[in-house]
Each structure stands twice: as C-alpha cells, then as structure tokens.
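Quick look at what TrEMBL lists:
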- 588-599: compositional bias 'Low complexity' (COMPBIAS)
- 600-610: compositional bias 'Polar residues' (COMPBIAS)
- 585-610: region 'Disordered' (REGION)
- 105-122: transmembrane segment (TRANSMEM)
- 142-160: transmembrane segment (TRANSMEM)
- 172-192: transmembrane segment (TRANSMEM)
- 224-250: transmembrane segment (TRANSMEM)
- 262-284: transmembrane segment (TRANSMEM)
- 304-327: transmembrane segment (TRANSMEM)
- 348-374: transmembrane segment (TRANSMEM)
- 394-413: transmembrane segment (TRANSMEM)
- 425-448: transmembrane segment (TRANSMEM)
- 454-476: transmembrane segment (TRANSMEM)
- 526-555: transmembrane segment (TRANSMEM)
Amino acid sequence: MEGLIQPRGILSLPTKPIVAARTLLPPSPALKQRLFTRNLPPLSFSSNAPTKVQSFHRNPLTISISHKERINRGFICKAEAAAAASGEGDSPNILGVEVTTLKKIIPLGLMFFCILFNYTILRDTKDVLVVTAKGSSAEIIPFLKTWVNLPMAIGFMLLYTKLSNVLSKKALFYTVIIPFIAYFGAFGFVMYPLSNMIHPEALADKLLATLGPRFMGPLAILRIWSFCLFYVMAELWGSVVVSVLFWGFANQITTVDEAKKFYPLFGLGANVALIFSGRTVKYFSNMRKNLGPGVDGWAVSLKAMMSIVVGMGLAICFLYWWVNRYVPLPTRSKKKKVKPQMGMMESLKFLVSSPYIRDLATLVVAYGISINLVEVTWKSKLKAQFPSPNEYSAFMGDFSTCTGIATFTMMLLSQYVFNKYGWGVAAKITPTVLLLTGVAFFSLILFGGPFAPLVAKLGMTPLLAAVYVGALQNIFSKSAKYSLFDPCKEMAYIPLDEDTKVKGKAAIDVVCNPLGKSGGALIQQFMILTFGSLASSTPYLGVILLGIVTAWLAAAKSLEGQFNTLMSEEELEKEMERAASLKIPVVSSEEAASGESTSQLPETSSPTSI
C-alpha cells in the first residue's frame, strides 16, 4: 500500500499510529484548512498535487499528512463517521418507508388478518357448540376452562419447548400450525356429521342418573367430547397461532425501531378481519333460519365456515414461506449470553427465576383474570336476554364487528401514543381502561334499581341496558388489548436472548393465557359456592378486580425499567459490533502508558496509510 501512494503533496502519518484520547492535541491551522475546506467530496482528502488518491469503499479511511505538517498525535474516530465513510447509500423507499421494510410489514399484516379472521369465527362458534348441545348447558364452560383447557395448554407448552430444541424455526412453525388446519377441516366435514355415533350419550345418561344433576357439567364433557375438543382447539388457536407463532415470527424478522412504528399497525388489517368475520358469522346465523325443515342448518354453516378457516390457514402458510424466501433477516447483536440446552423442568425453573419473565407473566395472567371476571358476568346477562342460539350468534357477530371498528380506530391512535409517551404509558392504558369500564358495568348491575326509570325512557329494560353496557366494556377493553397491550407485550420480548425468547413465549402465551382465564373461573366458582349466586358475589368480584388491576399496573411499571435497561445494552452492543466491523482502532489505557505513544516515534518515520 505504501508503494502505491506518493508522499509528495498529500497527508501522511508516521508508522504505528495510535489513537489516544487522553493525549489529543489540537491540529495545526494548516491541517484544519486541509481537513475542512469546502466543496470537497465527503471524507476524501487530497491536495493540489497531480497525484490522485483512489477512494476506498467499506475500508478504513486513507489519510496522509505531509512531512512539514506531520503531527505527533492521532485522531479519535467515531463509529458514526466511519459508517458514513464506508460509502453506503440509502435504501430505496416508498412514501418514506424502505422497500425491505415493506416486504416484511405487508405480509405480516396479511398473516395477522387471516389469523384473527379465523379466530373470530372459531371464538363465536365454540360457545354455541357446547352451550346449545343436547345434555349440556353454560355450566360446562368453567369446567372446560379449568380442567380441560389448562392441562392441554400446559401439555402443549412442554411439547413445544421440547420441539424448539430439536427443530428449526421453519419446521417448528409448520409442525404446529398444520395440525390445527387439518383438525378444523376434519371437524366440519367428518366429526360433526358423525357426532351422534361417536358421542357416548348412553354412558353419560347412566352416570348422570347415578351421580345426580350436580355433575351435569363434568359429565357433559364426556357426552360431547368432540365439541369440547373443538372448544379447546379454538382457544389454543388464539394462544398458540396468534401469540407464539405469529408474534414470535414478527419478533424474529423486525427490528425494535420497526416494531415501535409498525406493530400497532399490524392490527389495522387484523381488525378489518374482525369486521368482515363478524359479518360472516351473522350471515351464517341468519342463513340457518331460512333453510327448510329437516335440514341441519348448523351442519351446513359449519362446513362453510370451516372451509373458510382451512383456506385462511393455507394462506398463512404461504405468506410465511414467502417472507422466509424473499425477505432478509435483520442484523442482531451477536454478543448474547449463551445459554445451554435445558430440559423441560429446567426451562420452567429458569423462567420462574427471571424477574423480567415474571413481570410479563403477571401482565398476561392479570389481563386474563380481569377480563374473565367481567366477561362471564356479562355473558350470563347476554344469555338471559338472547336465549335462542340464532339470536345469540347473531348478536356476537355484531359484537365482533363493533370490536373491529373500535380497535381499528385505536390502532390509528396507538402509534401516536408510542411515539409521544413511550412503552411504559402504552402498557398502562389497557388496565386503566378495563378498570374504569368495569366499575361502570358493575355499578349498573349493583344499583340497577335507581337507574330503572331512566332506562325505561330510553326504551330499554335494565337487563338489556346491562347487556349493552357490558358489550361496550368488552369492546373498549379488547380494542385496548389489541392496539396497545399486545404490541407492548411483544416488544418486550425483542431484547431477550433467543433461548429466553422462545421458551419464555411458550410458557407465558400458552400457559399464562389459559391460566388467567382458569383463575378467573376458579374465583367465580368459589364465590358462587360461598355466597350462593353470581349476583350475590358481584360486590366482592369488584373488589378482587381492583386488586388484580393494581398488581397489573405495578408489574407494568417494573417491566418498563427493565425493558429500557435491556434496550440500552442492546444498542451499545450493536454500536460496538458496528465499530469492530469497520476496524476502528482502539487503544487501551495500558498501551497508552507503556511508552508507545506517538510522541516517542522518530520524526523520520516513513509514510503509512491508516
């Protein structure tokens, strides 16, 4: 390199230049004039000499100093200046967004659309199946959530943790989602038409006659086991496909800056799905009333809706394949704490011992219990107002559509909240909304008598008013969850190492979601057994709701500090790796004190390029 550069008329440094921050002296006036002369190309230094210096791209900057202007001290180069000198150009963009980013965000939005379209159909269908079946009632739901859904969720988490250690991420995604698609298709076209043959109704009748009517709920699980399996699979779709598969994939291919900007917007397309899926559910609910006598309208509706679910599931698989094929993954900090392979019990112990994961788990469990305490009370009023399955299903279709519209609006506002107030404030909005609307709902139930004349002037009964207020409470709570709570929760996973991220998501999203719902069901069962009825226990449920939301807010505040600390550490590590990749010289204090400073170099040193 020395032979290629003429020393005459250009800048050169002595041999073995050392960057020493503590021994920095101001450059000479002549050197200042050379370095900061206007109209020179950025980061390219030359004199009027005829010799030209070739530009170097993505290499350390070549700088020379003439013999008369040779200085005895080095320069401190920041990583930002070196990056600018590397010659990297701006990526092409559309409307201010890089094309590479759009290639990630658009498919992710479509995936979220398909996933939540399916989830709305499954969620609105599962209750109708188990509640309106012969020999069953609403009493089956608490038993399903506590004694069937929770054990299956724990079993799936253990299996997922084991598979995550032996399968690649792509293989793990397909291994998990394909059984869901196959089951829902088989249920609509095979299992439901054969339900009269595969359900042990005679055995259930004998057991019910022996044990008594108090065991009707548990025995209904045996009587309609295929419907109960559908109920659990629909619940797991929300926990597994939405939380683990989709958000895990989104965290894998997006950066923190992209997440802050676009995570709230992922729900825009998803809540358009809520609007359309709500209309779909209501259409099929009304279609059953128009069929002729002797036709099983529910079977016809199930086949149509399950066909849609299967089609959307295949679209999800295609979008996942396309993104992995054509979208480059972002650069992550490589200096992560390497964690050894752990068994299932070791993984659980590790997650329990992590304050960060515990706070995340508190958020998820608190939401599940809080929404369950309010939602179950509301559904009891809803069933009393709309006892017919067709009317119940049609109302739920309207409810899903309104939820989609409200959430769409909240999504538009959520980006402003993140940019203006940050992660901490956004994480605290959902518990605050749930607390305020829950108080309004419980107040109307507890003090409905004084409000009766006012409600009558509006053309409603107190029962119908409670149904509408409860619906508004659920709409606002769910819209805050989808637009703020879910993005906050998923952003919290990004700075974690891969081992904690994969196993932590499996434990929190698959176990803590049903644990929150089951915890709320257990609380309600205890209250009913203690005070005699759900109505008598309503004041105590309100007090419990206040305590849970308070713990939720405390966990969010604790997690805010930990999240900000981890993000600062990750940014520092990425900056150091960036500097190392550009080969920026660094001198330790020991080397500076060893006497190898530039002041001890001979004046006759030969020119050297750095």
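The backbone N, Cα and C atoms fix where each Cβ goes, and this holds for glycine too.
Sequence-remote contacts of a segment are chain residues at least 6 beyond its ends whose Cβ falls under 8 Å from one of its Cβ atoms, and for the transmembrane segment (526-555) they are 359, 362-363, 366-367, 369-370, 373-374, 376-377, 380, 428, 431-432, 434-435, 438-439, 442, 445-446. Remote same-chain residues near the transmembrane segment (172-192) are listed as 122, 160, 163-164, 198, 226, 230, 233, 236-237, 240-241, 244-245, 249, 299, 302-303, 305-307, 309-310, 313-314, 316-317, 320 (criterion: CB distance under 8 Å, separation of at least six residues from the stretch ends).
Residues of the same chain lying 6 or more positions beyond the ends of the transmembrane segment (224-250) and with a Cβ under 8 Å from any Cβ of it are 108, 111-112, 115-116, 118-119, 122-123, 125-127, 129-130, 133, 135-136, 140, 144-145, 148-149, 152-153, 156, 160, 169, 173, 176-177, 180, 183-184, 187, 191-192, 195, 198-200, 259, 263, 266, 316, 320, 323, 486, 490, 493, 501-502, 505-506, 509-510, 513-514, 517. Residues of the same chain lying 6 or more positions beyond the ends of the transmembrane segment (304-327) and with a Cβ under 8 Å from any Cβ of it are 100, 103-104, 107-108, 110-111, 114-115, 117-118, 121-122, 125, 170, 173-174, 177-178, 180-181, 184-185, 187-189, 241, 249, 253, 280-281, 284. Only pairs six or more apart in sequence are counted, and the transmembrane segment (394-413) with the transmembrane segment (142-160) gives fewer than three Cβ pairs under 8 Å, not enough to call it a contact.
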